[in-house]
Each structure stands twice: as C-alpha cells, then as structure tokens.
Amino acid sequence: MALMKDEVDIVIPTIRTLDFLESWRPFFQPYHLIIVQDGDPSKTIKVPEGFDYDLYNRDDINRILGPKASCISYKESACRCFGFLISKKKYIFTIDDDCFVAKDPSGKDIDAVEQHIRNLSTPSTPFFFNTLYDPYREGADFVRGYPFSMRSGVPTAVSHGLWLNIPDYDAPTQLVKPRERSTRYVDAVLTIPKGTLYPMCGMNLAFDRELIGAAMYFGLLGDGQPFKRYDDMLAGWLSKVVCDHLGLGVKTGLPYIWHSKASDPFVNLKKEFNGLFWQEELIPFFQSVVLPKECTTAQQCYLELAKLVKENLAGIDPYFIRLADAMVTWIEAWDEFNPPKPAA
C-alpha cells in the first residue's frame with residue numbers, strides 16, 4: 001500500500017516533541033506528514049530525523065489564511081483541520097501524538113495506514129446491513145437474502161479506526177471506570193447504516209478528501225469557546241449527515257492503534273461540561289436534518305447545514321451562531337485552496 005504514498009497525507013496535531021513517530025517509522029516513512037502545532041508558536045517542536053514533513057504553527061496559519069484563520073480552533077485538536085485544508089492528496093490519515101502501533105492477536109504490528117486505505121478503496125453498504133460485516137473483505141461475501149441490486153455498494157468516504165488500551169471515554173465514564181482498559185481486538189469492519197449517527201473519534205481516522213474533505217471541519221472550539229472536546233464529535237455528526245445525503249459510506253472497526261495516555265478526567269469534565277448537556281439536543285437535530293436535493297457536493301451540503309445550525313441551534317446558546325459563521329468561513333477557505341477541477 002506504500003505504493004499509494006503520493007495519494008496519502010498524514011495529519012498530526014501536537015503541542016509536544018514528536019518522539020511517538022519512532023514507533024511508526026516503518027509505516028509512516030513513505031508518506032508526507034502535515035504537522036499542525038497548537039498553542040504557543042514560539043515553542044520548538046522536534047521531529048525525529050528521516051521523515052518527510054511540513055510543520056505549521058499558529059503564525060503560519062494566520063499568514064496563510066489571513067482573516068479566514070478565524071475558523072481554525074486554537075488550543076484544541078481541531079487545529080488539525082488546517083492540514084486537511086492545505087493537503088493536495090486524495091486520502092488523509094489523522095492520528096494523535098499519544099497513539100502508538102498496536103499488535104494484532106498474533107503479535108504482529110498493525111499497519112494502520114494500509115488498513116484505512118483498504119477500507120476507503122473498497123465500497124460500503126449503508127442501505128442494507130450484511131451480517132458478515134464487510135462483504136468485500138477476503139474470506140467474506142454477501143449473505144443469502146442480500147439484494148443483488150445493492151451488492152455493488154457505494155464509495156467509502158470515511159474509515160473510523162479503534163483503539164486498544166485507553167478507551168475514548170467522556171469524563172463521567174472515566175471517573176466511574178478509571179482503571180478500565182480496552183483489551184478486546186474485534187477482527188471486523190462494518191458500514192454504519194444510513195440514518196445512523198456515531199461518535200467519531202479523531203485520534204485514528206482516515207477519509208477520502210476528494211469525496212468528503214469539505215465536510216471534515218472540526219468546528220470552532222477550544223480557547224475562548226464554551227464548547228470543548230467535541231471537535232471530532234461535531235465533525236462526525238455533520239460529515240455523516242453529508243455522507244448519507246450524497247450516498248457515501250462510513251466504515252468503522254479495524255485498524256486498531258494503541259492509545260497510551262488517559263487525559264485528566266477532572267480537566268475533561270470542565271471542558272466537556274456544556275457538551276454533555278448540549279449533545280442531547282444536537283443529536284436529535286442532526287438525526288432529523290433533511291438536505292435539499294439541489295445540494296450535490298459536500299460544500300453545498302455544508303453551507304446548507306451552516307444555515308440550519310444558525311436557524312435551529314442558536315436558541316441553545318449564542319455560540320452556535322459563531323459556529324455557523326465559522327462553517328461558512330471554512331467552506332470559503334476550502335474553495336480558495338481547493339478550486340473545482342475543470343471538466344474533462
């Protein structure tokens with residue numbers, strides 16, 4: 001799969017020296033890395049030698065985007081979407097800097113990039129569930145009773161990977177289960193059905209930038225905002241609505257990475273406090289959204305969602321007006337850096 005090195009960028013948000021890359025050297029070295037430094041731009045981030053990378057800090061973001069830099073979050077891992085914006089590759093794999101190579105049950109190191117690309121380069125089946133999970137996988141197929149008219153599937157836009165060791169829990173669950181570890185390796189990939197939302201975690205995620213990149217905006221969160229630690233959740237809800245409307249697929253399951261570090265649940269509780277209440281209103285809204293059939297691109301869908309967010313969620317908190325405006329700014333920036341390809 002490293003033959004696809006010219007089609008993949010790896011995007012890493014960070015505030016620290018990237019020693020974790022040593023673990024990934026055999027798997028990441030063929031690819032280009034886009035490192036987005038969060039926080040203080042005067043701090044020096046050290047990258048191990050031998051990697052092909054570009055590193056951008058807040059000063060670079062302000063210089064490159066100008067006034068549109070206002071849509072890129074500060075002091076939040078949502079800063080990673082700057083990397084999505086400026087990449088020119090077909091596929092993006094994004095990973096957090098506390099994630100290491102996991103091993104499968106046989107003890108073999110898992111090549112997460114290869115598995116993500118395999119997920120993205122085979123179809124999804126969001127309209128009819130296959131009980132053998134991913135029918136395009138070696139050793140699997142469509143089961144009896146699966147409609148032949150649906151067996152060609154649809155393009156896969158998102159590949160959502162999982163984690164061993166530290167699970168991706170919210171603060172209340174962390175506090176109740178401080179010692180719980182994710183030890184179960186489930187050897188499966190499945191398509192999330194149409195009309196079903198899911199909690200998308202950004203620490204082990206890949207997507208087809210050409211199909212859904214414009215909707216992979218991690219929102220306006222972090223410093224100065226009342227909504228924190230929900231950047232990937234927000235991107236997951238919004239991008240799934242767009243995927244469902246455009247007839248694109250989302251897969252979850254393999255590959256696993258090793259998540260090494262549990263964040264402080266008390267700090268997380270303070271950050272998540274609003275979101276824990278707001279999600280109970282946001283999710284029914286996203287479940288009920290219907291986009292007009294005139295929306296035929298991810299950009300058009302996203303601008304329509306920005307309008308609906310402003311109209312329907314401003315009553316929860318004025319923050320959602322700022323979020324909607326930032327969503328529009330994001331699409332303006334996306335169109336500037338990703339002009340439509342001329343028709344063949």
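Using the three backbone atoms N, Cα and C, a Cβ is placed for every residue, glycine included.
What TrEMBL records for Arg144, Arg151 is site 'Required for activity'. Positions annotated as N-linked glycosylation site by TrEMBL: Arg144.
Sequence-distant contacts (6 or more apart, same chain, Cβ under 8 Å) of Arg151 (site 'Required for activity') comprise Pro135, Phe142. The number of other CB atoms found within 10 A of the CB of Arg144 (site 'Required for activity'), across every protein chain shown, is 5.
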